[in-house]
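Enquirer: Input: one structure, supplied below.
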Amino acid sequence: MATHKTLLMCLGLPLFFPGALAQNHAPPGCSPDLDPLYYNLCDRSGAWGIVLEAVAGAGIITTFVLTIILVASLPFVQDTKKRSLLGTQVFFLLGTLGLFCLVFACVVKPDFSTCASRRFLFGVLFAICFSCLIAHTLSLNFLARKNHGPRGWVIFTVALLLTLVEVIINTEWLIITLVRGGGQVSTPGNGSADWTVTSPCAIANMDFVMALIYVMLLLLAAFLGAWPTLCGRFKRWRKHGVFVLLTTATSIAIWVVWIVMYTYGNKQHHSPTWDDPTLAIALAANAWTFVFFYVIPEVSQVTKPSPEQSYQGDMYPTRGVGYETILKEQTGQSMFVENKAFSMDEPASAKRPVSPYSGYNGQLLTSVYQPTEMALMHKGPSEGAYDVILPRATANSQVMGSANSTLRAEDMYMVQSHQVATPTKDGKISQDQSPKNKTRW
């Protein structure tokens, strides 16, 4: 008998060795000591896991950097209307970051924890993003019509309440589905019956999609709510409505594709192994749609001032008023229509900006002969004509029309010598009264 048992064991060992080797065999690119649950993250024969892992990792880094930029730009936001939306936009970025992280749960092989996180977080994270878009469109509708919208905490509360509805729905659905899938068993030694909980991976694809009806309604509401912002009176808010419209339209296309593939396409082609890649691709594609079509444009617009603030900056300049400012103001006055009847008598130099120091010729005032009234009163009536002291306009108009406003002593002497040579009405010749020969008082 012992000989027969030994012979059977020797014949049966080759039959069990291939199965044992197959269980311990690791795919190319993975370590033999690695848990088989994570083979898709390093399997080079099926590259979809590695590609999605790289795409999701890049998305996590990008979203994290954009979140830091958005929070750091808070002190530089001049428009109070845009500042009130920063809390909702940061909440949106956290939801997008969660979508990129959930891609890894869809890449690894299913077990109880990964399937539970997929079923619960898939709808909750999308509800966060779509609720923030709805709250943003609600604010944009007020801004596009009245140029003032709700306060920031009101917008954030709307997004938070819409998200909590999906949290409640998913929690109840997951509990009811898992308990309903189990059977009723009796506990030994106890008269009551207990309910066994089935695995969340056993949930049908159609049931999973039906649980996302509320999320689809949020997506549709965000898409329809973005259209009225394009018809508002204040046009500067239209571009924000365009950002939301592009994001929701692309998301609708992605959701239609992955739902058709998840519920119909994979069954028709008899490839249920593509269920997990379908969910992972949908998550990564929709998350990058949020980043490219909504987050990056909004971050680039958040620090731009409003037109009202730009107008106030032009009305009240902060720089000082100097000589350059005066010249600019004089140049700006040329845009008005002038009366040409008076502009003909003005010299051409008056049309150019004149420096305040252009009238100074470098001579001191002591060289100018200007007798005071007291000196004339003490001196008495002069022998000469009054036009010697107060010269009239003569042929020498070049002296009077010069840029200097005072007469020089040499010019006065030339006028007096000209009048001395002219006989007076009494037939006498006026004496040469040069300013140099007069006694000073």
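Yeah, the Cβs are placed from backbone N, Cα and C, and that goes for glycine too.
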Enquirer: With respect to the membrane, does Swiss-Prot record Ser117 and Val179 on the same side?
Expert: yes
Enquirer: To which residue among Ser271, Ser434 does Swiss-Prot attach the annotation phosphoserine?
Expert: Ser434
Enquirer: Name the residue among Asn190, Asn437 that Swiss-Prot annotates as N-linked glycosylation site.
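Expert: According to Swiss-Prot, the N-linked glycosylation site annotation belongs to Asn190.
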Enquirer: Please give the sequence-distant neighbours of the transmembrane segment (208-228): residues at least 6 beyond its ends with Cβ less than 8 Å from one of its Cβ atoms.
Expert: 119, 122-123, 126-127, 130-131, 133-134, 137-138, 140-141, 144, 162, 165-166, 169-170, 173, 241-242, 244-245, 248-249, 251-252, 255, 259, 262-263
Enquirer: At least three Cβ pairs under 8 Å linking the transmembrane segment (241-261) and the transmembrane segment (279-299), pairs spaced 6 or more in sequence?
Expert: yes
Enquirer: I need to check the long-range neighbours of the transmembrane segment (50-70): which residues 6 or more away from its ends have a CB within less than 8 Å of a CB in the stretch?
Expert: 29, 41-44, 86, 89-90, 93-94, 96-97, 100-101, 103-104, 106-107, 277, 280-281, 283-284, 287-288, 291, 295-296, 299, 302
Enquirer: On the DSSP side of things, how many residues of the topological domain 'Cytoplasmic' (229-240) fall into helix, strand and coil, could you say?
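Expert: Taking each residue of the topological domain 'Cytoplasmic' (229-240) in turn, the totals are 9 helix, 0 strand, 3 coil.
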Enquirer: Among 85-105, 155-175, 279-299, which stretch has the most Cβ pairs under 8 Å to the transmembrane segment (120-140)?
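Expert: Answer is 155-175, with the largest number of Cβ pairs below 8 Å.
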Enquirer: At a C-beta cut-off of under 8 Å, are there same-chain residues at least 6 beyond the topological domain 'Extracellular' (23-49) that contact it? List them, or none.
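Expert: Cβ under 8 Å, 6 or more out: 104, 107-109, 111, 114, 277, 280.
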Enquirer: By Cβ distance under 8 Å, which residues at least 6 away from the ends of the topological domain 'Cytoplasmic' (141-154) in the same chain are close to it?
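Expert: That would be 81, 83-88, 225, 228-229, 231-234, 237-238, 241.
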